[in-house]
Amino acid sequence: MTNCPTLIVTVGLPARGKTYISKKLTRYLNWIGVPTKEFNVGQYRRECLKIYKSFEFFRPDNEEGLKIRRQCAMAALNDVRQYLSVEGGQVAVFDATNTTRERRGTIIKFAEQNGFKVFFVESVCEDPDVIAQNIVQVKLGSPDYIHCNTEEAIEDFMKRIKCYESSYQPLDEVLDRDLSYIKIMDVGRRYLVNRVLDHIQSRIVYYLMNIHITPRSIYLCRHGESDLNIKGRIGGDSGLSARGTEFAKSLRKFIQDQNIKDLKVWTSQMKRTIQTAECLGVPYEQWKSLNEIDAGVCEEMMYEEIQEHYPLEFALRDQDKYRYRYPKGESYEDLVQRLEPVIMELERQENILVVCHQAVMRCLLAYFLDKTADELPYLKCPLHTVLKLTPMAYGCKVESVYLGVDAVNTHRDRPEVRTLCLPHYIISLTRHFLLTAQRM
Amino acid sequence: PEEEAEEEEEEHLFTSVPQFCNSPTMIVMVGLPARGKTYISKKLTRYLNWIGVPTKMFNVGQYRREAVKIYKNFEFFKPDNEEAMRIRKACAAAALKDVTAYFTKEQGQVAVFDATNTTRERRAIIISFAKEKGYKVFFVESICDDPEIIAENIRQVKFGSPDYVDRDIDEAMEDFIQRIDCYRASYMPIDDERDRKLSYIKIFDVGNRYLVNQVQDHIQSRIVYYLMNIHVTPRSIYLSRHGESELNLLGRIGGDSGLSPRGQKYANALATFIKGQNIRDLKVWTSHMKRTIQTAEALGVQYEQWKALNEIDAGVCEEMTYEEIQENYPEEFALRDQDKYRYRYPKGESYEDLVHRLEPVIMELERQENVLVICHQAIMRCLLAYFLDKPADELPYLRCPLHTVLKLTPIAYGCKVESFFLNIEAVNTHRERPVNVDINRNPEEALQTVPDHI
């Protein structure tokens, strides 16, 4: 997706959502497979200063403070260089106020020297309610204000913002017309997009234009237990078992009790999710992209049968469950790619219930909870359990509700001892010969 | 009630595309003449229809040409020409009436209202019309002051316009420039303050900069994304299938076989052809299947593999011949002939599914410049349908023979197509729709149009 690494640089007064955007963007890019890391200069400052006394540190005439802050920015940029040039990172998100043209000039020069593309993300907001809400949600809990009471903290933070205001030079339509940037105004009411250079910047802009901060919850669950589940067979397109139908009814009651405003319901195009949604008695939308992972030649097999007929494949899968692709089927990595439009639309939506499948739910969950590719295929998503995700501060609150209807367990843990410990190239070679032999 | 329930179930099962919009949407263009409004309108309409959103364009200039049979000169557009003003207002009203008919009688979902709409007054009329009917409105304003771009625009599309059919180039250019001036004095761009409650995108200098305000829903978000990815830099897109494969020779569909000897010859011929075209910075894309990769290998340049370019999954029919499909799944075979676009192979895909998975490919093709896409028959049909604006019922029958490169060059409002057969023989894999598509037809009728194979 990218040739030269990209440096995303946030711009904006304190409490404008820069860190929120940085973390969310980093999570999204990593999920779609673009190695991304964020560098929060405030963190560097906290490591340097150990104890935060008051807003006075940020006064524009505090020379000692300015020196330390400049050093911290440099240290962070150094780590950016390490990440992008040495560690194979593709995107670095430089999260700081970067409110002066001078500071941005320094960053641009740094990027030029190192062959990085620069893309600015400026957040502009003057709505006092939004800013107050922001402070309450993330600043009061900050390490800076651990020893203050709420009023003290808010008062100090407002004075902190004031320290930046006088020297704030927003990105200028004329002076900065050669820079690549997006200006986000009033939490997404309006955007100004300038000089998008490449694919990754285009995707970043699209993503940023689809996220919102309106409070809402996302409910994730699997279909009710299916007939093939009971038989221990993977994939297929079977209907619900008796217990699965019971779950669907319990789900209906649960949803009603939750009293959710304007709930949307999504399912896949497979019988078991559709039958589950049918019991809810509300309209639902079917997405083919939510269909379970295609197990190719292993469709409708039991794990014992896979072990018997495809022992090599079975072992390869355990070696790298995320990237492994069933012959004539899909990998988790493929799943993530086909789920990307679902995630994009989930970001746009508000209250929503997604009735899906084990592998699909693992992918969605990994996105919301920032799980790595390594962990993703082993996330626990048991049948008959609803996960309620509520975005909160910089992350997601998770509530797990088991609806009290028994079901089989379909979770297969990462095996302790790998059944095959041969180097990968020997396995690939063996596989190649086996397939060639099969053909003859 | 049982019938009703069945019908409803069928409706659910056939909704393979999530509903994009509930209320119909009007996209309203804004801008001086020669700012690319019609170019954008046509392209957007083509894209939306391709992804399955019924869209139609309403060009007020067309209505004007129908009302005023002969165009004399720019004087028609002078702001003090009361007679003309009356006609122009009537044309806009007629177009709006047709928009309503499109939404209410033809199940349209998006109408693109292509006119200058340069005054607040005109836009207010449209807004109030839409509000009354319950339509959403999204404005697309194109702002450009680069004289070179405007001149190029005039050259590309205005000279060929019916308005200037009998004029020589200099006359036409001069008249058109004065026409633009007629609008300039009264042009009130969308105002970021006064119009802050409207939903719109402002495109500056052909995509250098965008201002996006109050995106209301999914379809508007997709439209914004699309508009932000298209460009007008001249370039060509080369589409080709892989070289003839082993399974092609056997008349078998799908699978993942390698190239036949003739297929390999084609790959080499393709390499020669590409070199001969002398293309600047050519990107090469293939699928993840052996036959496209082997074809690209012969080119000796870097190529990118896209899983999304893999051939349509024929599910239970993978690697079968049409004769075997007729023998094992005669009913499925007939259903496919009845609606080849929407028909989904059991455990496989439909053309409609293909379009859905190819959308990111199209989006990236729009961003790119010179690209060669080495793909497969069904895939190429979908891509071609996008570029040549073919509807869903024609798409699955577009001719994409082996060993033939299609060179598409965007020009004016459409696409120039040049077809190059590279002179290496190959089997024919094109199966026309047979006459009898009834599920009770006999095998001969079903297999009537199957091309020859080993």
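All residue numbers here begin at 1 and follow the chain in the order shown.
Cβ from N, Cα, C; glycine included.
TrEMBL does not curate its annotations; it predicts them automatically.
Taking Cβ-Cβ distances under 8 Å and a sequence gap of 6 or more within the same chain, the neighbours of B:His242 (active site, tele-phosphohistidine intermediate) are B:Leu259, B:Gly263, B:Thr286, B:Met289, B:Arg291, B:Thr292, B:Gln294, B:Thr295, B:Ile374, B:Cys375, B:His376. According to TrEMBL, the feature active site, tele-phosphohistidine intermediate maps to B:His242.
The local packing around B:Glu311 (active site, proton donor/acceptor), expressed as other Cβ atoms within 10 Å of its Cβ over all shown chains, amounts to 24. Annotated active site, proton donor/acceptor per TrEMBL: B:Glu311, in sequence order.
Cβ neighbour count for B:Leu247 (substrate binding site): 21 (other Cβ atoms within 10 Å of its Cβ, all protein chains included). Among the features that TrEMBL reports, substrate binding site is placed at B:Arg241, B:His242, B:Gly243, B:Glu244, B:Ser245, B:Glu246, B:Leu247, B:Asn248, B:Arg291.
The domain '6-phosphofructo-2-kinase' annotation in TrEMBL covers B:16-234.
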Need the DSSP three-state call for B:Arg241 (substrate binding site) to compare against my parser.
strand
For substrate: widest Cα to Cα gap among B:Arg241, B:His242, B:Gly243, B:Glu244, B:Ser245, B:Glu246, B:Leu247, B:Asn248, B:Arg291 in Å:
14
Taking DSSP as the reference, which of helix, strand or coil describes B:Arg291 (substrate binding site)?
helix
May I have the list of same-chain residues other than B:Arg241, B:His242, B:Gly243, B:Glu244, B:Ser245, B:Glu246, B:Leu247, B:Asn248, B:Arg291 whose Cβ is within 8 Å of the Cβ centroid of the recorded substrate site, in sequence order?
B:Ser257, B:Gly258, B:Leu259, B:Ser260, B:Gly263, B:Leu402
Secondary structure of B:Glu311 (active site, proton donor/acceptor) (DSSP, helix/strand/coil):
coil
Rounded to a whole number, how many Å is the Cα of B:Leu247 (substrate binding site) away from the Cα of B:Glu311 (active site, proton donor/acceptor)?
13
What's the number of neighbouring CB atoms sitting within 10 A of the CB on B:Arg241 (substrate binding site)?
29
Separation of alpha carbons, B:Glu311 (active site, proton donor/acceptor) and B:Ser245 (substrate binding site) (Å):
13
Neighbour count, 10 Å Cβ-Cβ cut-off, for B:Ser245 (substrate binding site): what number do you get?
29
